[in-house]
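For reference, Swiss-Prot has these:
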| type | residues | note |
| --- | --- | --- |
| DOMAIN | 27-192 | domain 'Laminin G-like' |
| DOMAIN | 286-325 | domain 'EGF-like 1' |
| DOMAIN | 326-363 | domain 'EGF-like 2' |
| DOMAIN | 379-419 | domain 'EGF-like 3' |
| DOMAIN | 420-462 | domain 'EGF-like 4' |
| REPEAT | 463-495 | repeat 'TSP type-3 1' |
| REGION | 579-672 | region 'Disordered' |
| COMPBIAS | 586-596 | compositional bias 'Basic and acidic residues' |
| CARBOHYD | Asn612 | N-linked glycosylation site |
| REPEAT | 614-651 | repeat 'TSP type-3 6' |
| COMPBIAS | 640-652 | compositional bias 'Polar residues' |
| REPEAT | 652-691 | repeat 'TSP type-3 7' |
| DOMAIN | 731-945 | domain 'TSP C-terminal' |
| CARBOHYD | Asn941 | N-linked glycosylation site |
Amino acid sequence: MLAPRGAAVLLLHLVLQRWLAAGAQATPQVFDLLPSSSQRLNPGALLPVLTDPALNDLYVISTFKLQTKSSATIFGLYSSTDNSKYFEFTVMGRLNKAILRYLKNDGKVHLVVFNNLQLADGRRHRILLRLSNLQRGAGSLELYLDCIQVDSVHNLPRAFAGPSQKPETIELRTFQRKPQDFLEELKLVVRGSLFQVASLQDCFLQQSEPLAATGTGDFNRQFLGQMTQLNQLLGEVKDLLRQQVKETSFLRNTIAECQACGPLKFQSPTPSTVVPPAPPAPPTRPPRRCDSNPCFRGVQCTDSRDGFQCGPCPEGYTGNGITCIDVDECKYHPCYPGVHCINLSPGFRCDACPVGFTGPMVQGVGISFAKSNKQVCTDIDECRNGACVPNSICVNTLGSYRCGPCKPGYTGDQIRGCKAERNCRNPELNPCSVNAQCIEERQGDVTCVCGVGWAGDGYICGKDVDIDSYPDEELPCSARNCKKDNCKYVPNSGQEDADRDGIGDACDEDADGDGILNEQDNCVLIHNVDQRNSDKDIFGDACDNCLSVLNNDQKDTDGDGRGDACDDDMDGDGIKNILDNCPKFPNRDQRDKDGDGVGDACDSCPDVSNPNQSDVDNDLVGDSCDTNQDSDGDGHQDSTDNCPTVINSAQLDTDKDGIGDECDDDDDNDGIPDLVPPGPDNCRLVPNPAQEDSNSDGVGDICESDFDQDQVIDRIDVCPENAEVTLTDFRAYQTVVLDPEGDAQIDPNWVVLNQGMEIVQTMNSDPGLAVGYTAFNGVDFEGTFHVNTQTDDDYAGFIFGYQDSSSFYVVMWKQTEQTYWQATPFRAVAEPGIQLKAVKSKTGPGEHLRNSLWHTGDTSDQVRLLWKDSRNVGWKDKVSYRWFLQHRPQVGYIRVRFYEGSELVADSGVTIDTTMRGGRLGVFCFSQENIIWSNLKYRCNDTIPEDFQEFQTQNFDRFDN
């Protein structure tokens, strides 16, 4: 037995000698901090130690026991005056955490948290805190629990240099004893090596992970590695030395007992029988017993007849009971693949599951435990935890996930979110009211519009008798069109109410509430009881924009409140009328290329002198330069048409290069062709040479929701591909009188309301038109038609494709059959019902065109009847009708429908005519007063309706047969 012990001692000697040769650390200086210690250090004396700038390493060692799940501050250094913390170590049992707080150099407290520590479990624990370089910055902290390193923290901020209080105000506090709790040891150690300090707790450190070398050079790294590997061997040497001391003591006692017996006495036999005595037997060594602690620590020892017998090695070790070697459970792969396994002495610990997985941090002892308690990490289904935006496709992968596009029925992306994609074709995804029409706009947007005879926001619709887009009763929605109609039976889409009495002006007999009925009131919409009228025109002073000048038209070009009749600068351009070459058109530059005295801004022939501005055919082109040569029939003569051979009545030229969009290969002039490679341009009307399209929907980012960049989003833009037209507006209009000669009747009087979306004609007049200035290619035109009187029974309607006063389409409705009272130039008979006519008059406005319009049927060289309602039913007094017109001049498609309430009462069906290839819109009257055209709407639309293809197929088959 001596040989192995001697070898172990020799090995220990060599290791220690090598350590000494490498340079031993200074002797540790130990301060006992327990209040019961006779050598207890005054807390104030700790400060010079803790704030010594030459101090590199500082150690705190403590032994304690806490009840399960309890929390306590083990020790701390505080100011007795303001209770501020300098240093504190706290255990939080319920959270399995420990917290170290210390005062930083900037006067703030720094906090270090140690997780997954079971310190409050009713068992005795030893901790060792090693703090390094805290006075120099970038310090580090190591925590050892029961002789095993469990955590380390680096790059700690610099600690305090010293307190502002006097040393005698510094106070050390330890945790208050409770039943079954105790603080056995609390010491502060300065200087010395980690292994020297650890030995104070009877620890030969077995680290959970390799320590980083604290010195520099290959020798120090090699030395620390060897010391780590020999930690366990040193523990065994300690056991052997303890056993050797006990055996040596036993031998000494045995020898002493033998000497006490004295020398042996022999009786000399006779020579004849002398037998030489046998040599004395060597003393018998007593068998070794359990009281000499021969077994490995923790192994049960049993005395036996022959000495002792050791039980099996503890769980986590392997050996014969005397010598037990730690088992590396990590070799049996107890941890989840990819998770770091840490071999402990004894036992093992698995790190946390990888990112994207969830599972326990397994810790145990022994091969059996490692084999039967494998760490299980379950993939986290991030898709169930809302990793992607709602209503988008989420693909869960092992340890991760991937977000995809929006689910079917939703639109958007991972940045904007996925919103329900309203789908008009799928009833389940159609959000509209059953009494509303679902319209799919550009880029998939859906708009709900209440059907004819209904009003509301499209999601909720209520009855609307007068079809002016306001319901008869208020609806439970917040949109403007959910409010109750203030004139239930008279269409008034502007809901004007001058006296705010809740009754709209259109149906209020005293609209201004001054006690004077409208028929006698000279200011119908302005309260004026005195009815004063200085200039004796039809407008009282309260509403007259020229008090002393008779002006029944009340025209005010610049909208400054002063009528043109008394305004010396009608257009408000700063140039007096007498000097202004365009008195009704603002033009401060007064440019006049042809020198005819009429500025270019208002000159109907800017390049040809025409001072009288004669325009017989009312096409806005002066007679002096009007050639009427129009190759493509779109209403623009070839000399001014920006696409002379391509139909483009709208004359849109986005890039202002003189070439209309309809014949321009690059409308926005950004270098990307509209259709051919390297196009097509994903923003045809907005320059974007880089063609950015972040959501890959084929529409460039710059024009995603506003294709023409006119600052009106496509959903409410009446012409999403024309920046010059955004809303329906007839406030600017041209009056065209179709029978200017004679005095058979007077000219029409037009009143425009609701910001240009409602027109009222008040007089029993000659045939006339109010024509807007916006020209259209394909267009949808709708409005509500209402005759608000029981007097007379003549024509009212609307026009489209207007090119000049001799060329336009008209839809006109007569109430009763009647022969025109002027028999010259021919007898004209009007039949009741709706008529669709193409006007192409060789004479233009006059008696021929007048009688041709009145007559139901074709009139040579004047009017062709394209369709007539076969019912021969006239309009009813004070009943509202809604019309819908579709015109696609590129193919000659025309279709018009009329509704009474929600009932379709007339439908022209598909009508093909190419007489006018586009033009302007307006309204028409002939000998009928008090006509209301309400809730007017137009919309650019070049899409060919589906029924056109059906019509072509049917007619082709008919022709083929």
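Each residue, glycine too, has its Cβ placed from N, Cα and C.
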Residue among glycosylation sites Asn612, Asn941 with least C-beta crowding, 10 angstrom cut-off: Asn612
Distant-in-sequence neighbours of the domain 'EGF-like 3' (379-419), which means Cβ under 8 A and at least six residues beyond its ends: 354-358, 426, 429, 444, 695
Rounded to the nearest Å - Cα separation of Asn941 (N-linked glycosylation site) and Asn612 (N-linked glycosylation site): 38
Helix, strand and coil counts within the domain 'EGF-like 1' (286-325) (DSSP): 3 helix, 13 strand, 24 coil
Three-state composition of the compositional bias 'Polar residues' (640-652), taking helix and strand from DSSP: 0 helix, 0 strand, 13 coil
Residues of the domain 'EGF-like 4' (420-462) by DSSP state, where helix covers H, G and I: 3 helix, 16 strand, 24 coil
Per-residue pLDDT averaged over the domain 'EGF-like 2' (326-363), given as an integer: 91
